[in-house]
Ligand SMILES: *Cc1c(COP(=O)(O)O)cnc(C)c1O
């Protein structure tokens, strides 16, 4: 029986990358040390981290005036680092509340002493749609506008074509769709993403920060580990970086490149998502809460409308090798994560299973 992992994160990795890691661990280099045992000051790791940065710059077409940083602490730490480093003129940020993670970011900014204003929210609509930036949004009142490009839990996305337009600084949490679809980096002043959704194993988080903007900030009362500048000054090695996670990330980035880059993966992802959404839309047994262009390519959220039945079907799916399909505990239902490394065969197997479940449970 084949087995597929639909987990939202940590998520599926390319099988060739897993194979490479296994081989690298077994291979004795001249040094006789594996990647798990090497110093971050070794020339071997220096090559890896620089290669990862260069590959990412190439894949996302990141302009030279942006720093690319490797940080620990996940997306959640970025919810605090961003306001501490980049909200020092007005001490105020604006947030588009498109889901659970946007909401968390707003709360974290408040916790670190900044004022976070929700300028629009789709919470009253149970996050089935994306909030729209109000036409009278006063960008000059805030240090930046925080958005979540892909709402991992709710299954909605601001794609490049429907990004909110602000004359001020735009900051994006791309944790669950970075490299899954193209974005123009120069539309943003900062981007961050935890690796464990689409880039590698857990343990490392990317931050891409416009250097001029950071240089304008007067940062006070913030220790070195929480300052982007420390990571810039020390090539992300102010302290010991997550060596293994960065190594695995560099392999995933090479894999993305070999697949044909973001453009090609975007085409693949559109095909996978369309195949699943088309099936769900023609079925009168399953419903997709998010509509049209706002739908996510990487996290497909759906339900039968009956929580107990959803749970039962997820359990049956698991028995048949289709793992981690249950929706986030806060929303229930199903969530099929179709990250870059998810093959089309997984989508086909899922649809075959869902058809069977529909026949079995439809009254
Ligand atoms: C997973 C996720 C986070 C949180 O990431 P952690 O690494 O667990 O802190 C933040 N934002 C989005 C959009 C996510 O999907």
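Glycine too: its Cβ is placed from the backbone N, Cα and C atoms.
Here is what TrEMBL says about this protein:
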- 4-350: domain 'Aminotransferase class V' (DOMAIN)
- 41: L-glutamate binding site (BINDING)
- 101, 152, 173, 196, 239, 240: pyridoxal 5'-phosphate binding site (BINDING)
- 197: N6-(pyridoxal phosphate)lysine (MOD_RES)
Checklist entry - Which binding-site residues from the set 41, 239, 240 come near ligand 1, judged by a Cβ under 6 Å from any of its atoms? => result none
Checklist entry - Averaged over the whole of the domain 'Aminotransferase class V' (4-350), what is the pLDDT? => result 96
Checklist entry - How many Å lie between the Cα of residue 196 (pyridoxal 5'-phosphate binding site) and the Cα of residue 41 (L-glutamate binding site)? => result 24
Next on the checklist: For a quick check of understanding: among the recorded positions 41, 197, which residue's Cβ has the most other Cβ atoms within 10 Å?
Outcome noted: 197
Checklist entry - Of all the binding-site residues given, 152, 196, 240, which residue's CB has the most CB neighbours within 10 A? => result 152
Next on the checklist: What are the sequence-distant neighbours of residue 101 (pyridoxal 5'-phosphate binding site), meaning same chain, six or more residues apart, C-beta distance under 8 angstroms?
Outcome noted: 75, 148, 151, 152, 153, 173, 175
Checklist entry - Which state, by DSSP, holds residue 101 (pyridoxal 5'-phosphate binding site): helix, strand or coil? => result helix
Item to check | Rounded distance in angstrom between the Cα atoms of residue 239 (pyridoxal 5'-phosphate binding site) and the residue listed as 'L-glutamate binding site' | outcome: 11
Checklist entry - Do you know offhand how many angstrom separate residue 41 (L-glutamate binding site) and residue 240 (pyridoxal 5'-phosphate binding site) by C-alpha? => result 9
Item to check | Extent of the pyridoxal 5'-phosphate binding site in Å [max Cα distance among 101, 152, 173, 196, 239, 240] | outcome: 30
Checklist entry - What Cα-Cα separation, expressed in whole Å, is found between the residue listed as 'N6-(pyridoxal phosphate)lysine' and residue 240 (pyridoxal 5'-phosphate binding site)? => result 23
Checklist entry - Within 10 angstroms of the C-beta of residue 173 (pyridoxal 5'-phosphate binding site), what count of other C-beta atoms is obtained when all protein chains are considered? => result 28
Checklist outcome for this item: Within 10 angstroms of the C-beta of residue 239 (pyridoxal 5'-phosphate binding site), the count of other C-beta atoms across all shown chains comes to 12
